[in-house]
Amino acid sequence: MRHLLSTGDLDRDAAVLILDTAAQMAATQSREIKKLPTLRGRTVVNLFFEDSTRTRISFETAAKRLSADVINFSAKGSSVSKGESLKDTALTLQAMGADAVVIRHQASGAPHVLARSGWVDGAVVNAGDGTHQHPTQALLDAYTIRRHLVGGAGASDPAGRDLDGLHVAIVGDVLHSRVARSNVQLLTTLGARVTLVAPPTLVPVGVQQWPCDVSYHLDPVLADGAPDAVMMLRVQRERMGAGTSAGGFFPTPLEYTRNYGLDQRRLDLLPDHAVVMHPGPMNRGLEISADAADSPRAVIVEQVANGVAVRMAVLYLLLAGETHEERTGIA
Amino acid sequence: MSGSTRYVLRGVAPLGGDPVDLLLADGVIAAAGRGDIQAALDRDAAAGSPVVEVDGAGLVALPGLVDLHTHLREPGREDAETVGSGTRAAALGGFTAVHAMANTSPVADTAGVVEQVWRLGRDAGWVDVHPVGAVSIGLDGEHLAELGAMAASAARVRVFSDDGRCVHDPVLMRRALEYVKAFDGVVAQHAQEPRLTVGAQMHEGVVSAELGLTGWPAVAEEAIIARDVLLAEHVGSRLHVCHLSTAGSVELIRWAKSRGIDVTAEVTPHHLLLTDELARDYDPVYKVNPPLRTQADVDAVRDGLADGTIDIVATDHAPHTREDKDCEWAAAAMGMTGLETALSVVQETMVETGRMTWADVARVLSEAPARIGRVTDHGRPLTVGEPANLTLVDPAARTTVVPERQGTASVNSPFRGRELPGRVVATFLRGRATVLDGHAVPAPSATAPASGEVR
Ligand SMILES: [Zn+2]
């Protein structure tokens with residue numbers, strides 16, 4: 001693995017290796033001294049063209065726990081227009097000797113451009129690009145699902161296992177969601193079955209080629225599909241009805257919540273073992289009710305913690321590689 | 001003209017037919033056939049003008065190509081292209097006339113600007129430049145520009161277009177269609193429903209869904225074409241549809257023609273060859289408007305071109321600076337260069353597939369565009385007495401596209417690294433060689449007639 005740009009680039013074994021490595025990383029995090037010497041002397045740059053404190057802090061924590069030097073480079077406010085160019089920023093980072101560039105960008109494909117351009121030598125990690133991909137989010141989702149639903153359900157580390165036979169429902173704004181795109185590819189690669197649930201306006205034209213089912217109705221998917229995990233997607237305020245220039249994607253927030261929101265009644269339709277997930281930040285009362293968000297089924301807070309372990313694994317696998325003996329550091 | 005070089009083209013194949021010798025002298029095809037040429041040369045021997053022999057064995061002679069859709073960028077974006085560099089590229093591509101689109105800065109929406117572009121073209125001397133006039137003032141889509149003044153200017157504008165933008169207001173489109181009837185003009189429509197394409201980045205379909213790029217749906221093109229052919233029928237006007245790109249658009253034009261509506265349509269070389277799959281690497285060199293479509297659309301536009309539903313191939317040559325393409329997809333400019341690869345792409349997609357003859361190539365790249373643009377001295381038969389506007393092509397040659405070696409000032413060719421058939425060996429504009437041995441030949445005194453020869 002040279003870069004991590006898209007979950008579509010991962011085959012089953014590569015994905016399982018990341019999850020297994022993440023489990024090892026997580027194990028070290030219960031120690032008193034959490035810091036590993038693995039990436040000492042390496043430089044990880046967090047290049048964020050789009051504001052996301054949560055994701056940046058997660059990557060920063062992961063890099064620091066591996067003893068890497070971290071540079072946070074916020075290019076926020078520089079709009080997607082010529083002038084403040086991705087190229088010039090990349091060349092600057094190259095001059096700083098970045099071993100890995102973690103990039104978040106509002107333009108779909110910006111990490112691919114960075115990786116393909118030759119502007120930087122280091123590994124490129126996609127931390128979310130436009131409405132395209134957010135591979136580490138999907139990996140932490142898969143990791144969370146595996147911990148809860150595979151093997152002894154948290155009792156023992158299900159190392160080497162994939163998500164074969166599990167059913168995951170992903171609910172909400174699929175059209176604009178990089179989380180949904182990443183998860184459809186990764187979860188199916190890992191053997192899970194995915195059902196997307198959304199109003200038709202929030203399903204992309206062309207979805208018929210995706211390896212998943214699509215439903216416009218949440219209740220039957222929950223009741224009859226018996227999903228093992230339900231992933232609620234954040235609904236952006238600007239997609240809503242009144243006042244939006246393109247005509248809203250749905251009439252009112254109320255109608256959205258009525259048809260697609262996860263509340264206590266819908267929670268009760270789920271199998272007992274099913275977990276509730278959300279990539280955050282949540283719109284409580286819109287796509288998820290407080291009851292659902294705070295229920296014992298919700299693993300939303302755990303997802304955040306798992307994010308650090310998964311990002312440690314990704315940085316480790318990209319930067320330490322097979323040639324380094326530092327592997328022993330995480331035994 | 002006496003004293004200017006005469007050319008004897010030995011054994012060229014007009015429209016791919018039987019080889020013949022052609023004598024170009026005094027700006028016209030002066031004689032054809034070995035005997036007549038010798039007689040003509042003997043007769044004028046005293047004139048003393050030099051005679052250059054061109055070995056035309058294996059070369060196809062075509063009437064000089066006519067592009068109905070070229071962006072020369074001057075005035076305003078001389079960093080991407082100038083009239084000089086763009087028309088040199090045109091000559092290298094086998095063209096003898098181009099229509100320069102109006103979306104310059106300032107916009108070509110007055111007699112003054114179109115005359116300026118026309119003069120720049122004449123002074124450069126590579127091809128005849130026919131400026132396209134804007135339909136609306138500043139391309140604002142609201143107020144009709146002075147179409148009559150542009151038509152009556154020295155540039156004699158006959159093609160009007162807001163290209164780059166769609167004349168989306170149906171009332172303005174109706175008025176423009178009606179108004180140009182007074183001087184036999186044509187409205188060339190960039191068919192793009194603006195509300196359906198807000199923020200659009202690429203063809204809306206399977207690939208855009210996966211890449212997370214905002215879609216440019218086929219219906220946004222087809223809806224405008226459907227409306228416009230009905231408007232043209234209603235007011236009895238002439239409509240030209242620019243860069244048609246979808247299978248549905250081909251069907252609509254076919255239907256309109258079957259009803260007798262006076263509509264013509266063009267397809268670009270890139271829509272004949274490339275698909276939206278190329279966006280997968282997010283390389284903005286493949287970002288263009290209208291976007292690259294699917295293979296089914298490519299097949300449909302080829303069918304349409306072969307059966308005459310689509311009248312012409314036009315380049316939509318759209319040079320952009322490196323900084324406008326060396327960036328993330330969403331930030332990149334739309335457009336690709338095409339003047340120097342158009343003929344090769346048509347050969348590859350239509351001739352080598354057996355779907356068109358060289359006579360068909362002459363029709364779609366010269367005769368029909370000249371007729372649509374009302375350019376009377378181009379797109380003519382290759383017969384004695386006709387203006388000596390022609391190009392010689394070596395169809396057996398194959399070349400790998402290297403944008404840095406092209407005549408255009410920009411390098412945003414989507415065909416970089418691709419091997420294409422056919423090579424333009426020579427181009428003649430009124431008997432003067434603008435290209436010889438595949439190299440551009442500047443006019444001896446390119447700017448000399450600037451003051452003395454105003455019509
Ligand atoms: Zn256009």
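Every residue, even glycine, has its Cβ placed from backbone N, Cα and C.
Remember, it's a predicted structure, so these values are computed and weren't measured experimentally.
The candidate list A:ARG12, A:ARG104, A:ARG161, A:ARG239 contains one residue that TrEMBL assigns to the carbamoyl phosphate site with A:ARG54, A:THR55, A:HIS134, A:GLN137, A:GLY280, A:PRO281, namely A:ARG104. Averaged over the domain 'Aspartate/ornithine carbamoyltransferase Asp/Orn-binding' (A:164-318), the predicted model reaches a pLDDT of 94. Summary: among the binding-site residues (A:ARG54, A:ARG104, A:HIS134, A:ARG178, A:ARG234), the fewest other C-beta atoms within 10 A of the C-beta are counted at A:ARG54. Of the residues the record lists as binding carbamoyl phosphate, namely A:ARG54, A:THR55, A:ARG104, A:HIS134, A:GLN137, A:GLY280, A:PRO281, the two whose Cα atoms sit farthest apart are 16 Å from each other. Cβ-based neighbour count (10 Å, all protein chains) for A:THR55 (carbamoyl phosphate binding site) stands at 23.
Candidate binding-site residues A:GLN137, A:ARG178, A:PRO281 yield A:ARG178 as lying near chain B, with Cβ-Cβ distance under 8 angstroms. When the Cα of A:ARG178 (L-aspartate binding site) is compared against those of the binding-site residues A:ARG54, A:HIS134, A:GLN137, A:GLY280, A:PRO281, the shortest separation belongs to A:HIS134. Spacing of A:GLY280 (carbamoyl phosphate binding site) relative to A:ARG234 (L-aspartate binding site) is 7 Å (Cα to Cα, whole number).
In the shown protein chains, 24 other C-beta atoms lie within 10 A of the C-beta of A:GLN137 (carbamoyl phosphate binding site). Annotation note: A:GLY280 (carbamoyl phosphate binding site) sits in a coil segment as assigned by DSSP.
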